[in-house]
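What Swiss-Prot records for this protein:
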- H89: active site, proton donor (ACT_SITE)
- F23, A57, Y58, E59, A81, I82, I83, F114: 5-amino-6-(D-ribitylamino)uracil binding site (BINDING)
- G86, T87, R128: (2S)-2-hydroxy-3-oxobutyl phosphate binding site (BINDING)
Amino acid sequence: MQIIEGKLHLQGNEKVAILTSRFNHIITDRLQEGAIDCFKRHGGDENLLDIVLVPGAYELPFILERLLGSEKYDGVCVLGAIIRGGTPHFDYVSAEATKGIANAMLKYSMPVSFGVLTTDNVEQAIERAGSKAGNKGFEAMSTLIELLSLCQTLKG
């Protein structure tokens, strides 16, 4: 039996984008900082890293498709924060953003990591953006790095 898995190290020549929603920027800025930190710690070249900002989480799938379709990137780390409010808006935005991101990844068969927080309140989001529950931006970039490595291994 053979176990095939990705490694948590970049070769240094991977072109990566971090696609970040600006809405709830107090949270998403911290997620983005975590993702950048992870990228650099694991061998990424900052000159091969692009930060792409969109107004909100609903716009993430549209721009993700543009990035993947450009063929300029080896992978994309998607970050956002959708916080429940008093209306059903949260349900619509989180469902469509999640579905759109997954569909784009499958359509282009390219590594995409999902670092979009969906929380009930601001406190939960803060906990996941660098306090009690770690930094989910760092974790999303870590996932992308492993996916990039695994894809290289499977390519042979």
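Quick reminder: no glycine exception, Cβ is built from N, Cα and C everywhere.
Sequence features annotated in Swiss-Prot and their locations in the structure.
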{"residue": "A57", "record": "5-amino-6-(D-ribitylamino)uracil binding site", "Cβ within 10 Å": "29"}
{"residue": "Y58", "record": "5-amino-6-(D-ribitylamino)uracil binding site", "Cβ within 10 Å": "19"}
{"residue": "E59", "record": "5-amino-6-(D-ribitylamino)uracil binding site", "Cβ within 10 Å": "18"}
{"residue": "A81", "record": "5-amino-6-(D-ribitylamino)uracil binding site", "Cβ within 10 Å": "30"}
{"residue": "I82", "record": "5-amino-6-(D-ribitylamino)uracil binding site", "Cβ within 10 Å": "26"}
{"residue": "I83", "record": "5-amino-6-(D-ribitylamino)uracil binding site", "Cβ within 10 Å": "18"}
{"residue": "G86", "record": "(2S)-2-hydroxy-3-oxobutyl phosphate binding site", "Cβ within 10 Å": "6"}
{"residue": "H89", "record": "active site, proton donor", "Cβ within 10 Å": "12"}
{"residue": "F114", "record": "5-amino-6-(D-ribitylamino)uracil binding site", "Cβ within 10 Å": "18"}
{"residue": "R128", "record": "(2S)-2-hydroxy-3-oxobutyl phosphate binding site", "Cβ within 10 Å": "23"}
Cβ neighbours within the same chain of T87 ((2S)-2-hydroxy-3-oxobutyl phosphate binding site) - under 8 Å, at least six residues apart: none
Largest CA-to-CA spread of 5-amino-6-(D-ribitylamino)uracil binders F23, A57, Y58, E59, A81, I82, I83, F114, angstrom: 16
Largest inter-residue Cα distance among G86, T87, R128 [record-listed (2S)-2-hydroxy-3-oxobutyl phosphate binders, Å]: 23
Which same-chain residues, if any, lie at least 6 apart from F23 (5-amino-6-(D-ribitylamino)uracil binding site) yet have Cβ under 8 Å of it: P55, G56, A57, G80, A81
Nearest of the recorded positions (G86, H89, R128) to Y58 (5-amino-6-(D-ribitylamino)uracil binding site) - Cα to Cα: H89
Shortest C-alpha distance to F114 (5-amino-6-(D-ribitylamino)uracil binding site) - which of the recorded positions G86, H89, R128: R128
E59 (5-amino-6-(D-ribitylamino)uracil binding site) versus recorded positions G86, H89, R128 - nearest by Cα: H89
Inter-residue Cα distance where the pair is R128 ((2S)-2-hydroxy-3-oxobutyl phosphate binding site) and I83 (5-amino-6-(D-ribitylamino)uracil binding site), in Å: 12
